[in-house]
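Engineer: I have a structure here, written as structure tokens, and I will follow up with some questions on it.
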Amino acid sequence: MSLRIKQEALTFDDVLLVPAHSTVLPNTANLSTQLTKEIRLNIPMLSAAMDTVTETKLAISLAQEGGIGFIHKNMTIERQADRVRKVKKFESGIVSEPVTVLPNLTLAELAEMVKKNGFAGYPVVDGENNLIGIITGRDTRFVKDLSKTVSQVMTKKEDLVTVKEGASREEILELMHQHRVEKVLVVNDSFKLKGMITVKDFQKAEQKPNACKDEFGRLRVGAAVGAGAGNEERIDALVKAGVDVLLIDSSHGHSEGVLQRVRETRAKYPNLPIVAGNVATAEGAIALADAGASAVKVGIGPGSICTTRIVTGVGVPQITAIADAAAALKDRGIPVIADGGIRFSGDIAKAIAAGASCVMVGSMFAGTEEAPGEIELYQGRAFKSYRGMGSLGAMAKGSSDRYFQSDNAADKLVPEGIEGRIPYKGYLKEIIHQQMGGLRSCMGLTGCATIDELRTKAEFVRISGAGIKESHVHDVAITKEAPNYRMG
């Protein structure tokens, strides 16, 4: 009897990388990699578009460390676009379209704006966008009468510190120091406002030199959309908000609806970087590439909170899925993203060695300070909630179209994920430091100086159950947990 078995498939715990002659020291390894042809990451890490993983705070922190976060779509269109805008505005070389105020605005109205936007400095312009002043926290701090207008208390035009477009960093910093100001306004020859530069952005850039930024010095951010009807409006809003890369996200990327959504989006936005997924075969990867995807995301059911393989009986173990997709796309230069199943830094190294250009993680970043959600105490330990986008709770909030169930009533949803909790882990930068440290050590051991070399040069051995048992801590009780090794 023929069972139509296609091949034997392997996952992370089935293989190990082989050490090789090396001239590479871990601290000299180069971790930069391509997300798409246009976007280069400084570390090969992306955060999953999940509602317990990525919103503004985590996307900002990850971009500052050199990766990119994908804002989840379990929210209204306006809210998701607003999250993207917040990341883009958090750190700018030049704030190209600063929020401005008119001179007749009252201080009470200004106070509302400050509360809403989270910053207190606004250029003051007339109806023609001519710069006439600036108002900052210093101007308003001790004013009691909130019925006064901006024009009565602002710093007037003749006292402004301005620069022309294209001024050098040194010139700007010298001006800031000379005039003891924290904001410099950028104007053209006819004194029309063109932008604003703040000292905070210079400080942030110095503190985080590895940050993943666009050509204007703004942090990069991605956002997820579904493939179902009604997502056109969401895509348009995200593009308008300045999203760097769009993720067309589905549990089954090798589906005609997803392919059609990729084709339509590519036709409308020919230069927009588009990541599409998820697939687990060479054929699926090729289909998405043919439809116009800039990068392909691989992983059907490997995630810790995912039950797709058990509920549906469908999936491909992750190392084989990555290797097949990467081999199929090798000649096209389209990167593969390994999504799911990553528990240790060694798994990141194995995913890249199998052919992935970068990895997307959920559970590794869930539970961090920056992840959405409150810290809960349970039996004396701190936890944060973590759930699959295929869990009942997430599907009821809007992710059901990812699993082709958008028309189902809440009590008729068939979940492909669970809701759980994960130990509180502290700040994201500490997690990234440990994970990238492990990856650097791997590159030293295998003699690979770059991510590209690791993708193409490193060799695997297949191991048995006894081999994985030997690899883990054994025959000893752990008395002090290591920051990069947690079992269970």
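Heads up, the Cβ atoms here are built off N, Cα and C, so glycines get one too.
So Swiss-Prot lists these for the protein:
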| type | residues | note |
| --- | --- | --- |
| ACT_SITE | CYS306 | active site, thioimidate intermediate |
| ACT_SITE | ARG402 | active site, proton acceptor |
| BINDING | ASP249, SER250, SER251, GLY299, ILE300, GLY301 | NAD(+) binding site |
| BINDING | GLY301, GLY303, CYS306, GLU470, SER471, HIS472 | K(+) binding site |
| BINDING | SER304, ASP339, GLY340, GLY341, GLY362, SER363, TYR386, ARG387, GLY388, MET389, GLY390, GLU416 | IMP binding site |
| DOMAIN | 94-150 | domain 'CBS 1' |
| DOMAIN | 154-215 | domain 'CBS 2' |
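Provide an account of the burial state, proximal residues and distances for the features listed.
Structural biologist: Following the DSSP three-state reduction, the secondary structure of CYS306 (active site, thioimidate intermediate) is strand. Annotation for CYS306 (active site, thioimidate intermediate): spatial neighbours GLY340, GLY388, GLY390, GLU416, GLY417, criterion Cβ-Cβ under 8 Å with sequence separation of six or more.
Within the same chain, residues at least 6 positions away in sequence whose Cβ sits under 8 Å from that of ARG402 (active site, proton acceptor) are GLY226, ASP249, SER250, SER251, MET389, GLY390.
Under the DSSP three-state reduction, SER251 (NAD(+) binding site) is assigned to coil, being neither helix nor strand. Neighbour count (other Cβ atoms within 10 Å of the Cβ, all protein chains): 24 for SER251 (NAD(+) binding site).
For SER471 (K(+) binding site), applying a Cβ distance below 8 Å and a minimum sequence separation of six or more within one chain yields LEU16, ILE463. SER471 (K(+) binding site) falls within a helix when secondary structure is assigned with DSSP.
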Engineer: Can you check how the pLDDT averages out over the domain 'CBS 1' (94-150)?
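Structural biologist: Result for the domain 'CBS 1' (94-150): average pLDDT 87.
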Engineer: In the domain 'CBS 2' (154-215), how many residues does DSSP assign to helix, to strand and to coil?
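Structural biologist: The counts are 23 helix, 18 strand, 21 coil.
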Engineer: Tell me which residues of the chain lie with their Cβ under 8 angstroms from that of GLY299 (NAD(+) binding site), as long as they are six or more apart in sequence?
Structural biologist: GLY277, ASN278, ALA280, GLN318, ALA321, ALA338, ASP339, GLY340, GLY341, MET360
Engineer: In whole Å, how far is GLY303 (K(+) binding site) from GLY362 (IMP binding site) when you measure between their Cα atoms?
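Structural biologist: Computed Cα spacing between GLY362 (IMP binding site) and GLY303 (K(+) binding site) is 8 Å.
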Engineer: Might you list, by sequence position, any residue in that chain lying six or more from GLY301 (NAD(+) binding site) with a Cβ less than 8 Å away from its Cβ?
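Structural biologist: Spatial neighbours, sequence-distant, of GLY301 (NAD(+) binding site): THR307, THR308, ARG309, ILE310, THR312, VAL314, GLY315, GLY340, GLU416.
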Engineer: So if I draw a 10 Å sphere around the Cβ of GLY362 (IMP binding site), how many other Cβ atoms end up inside it?
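Structural biologist: Here the count is 27.
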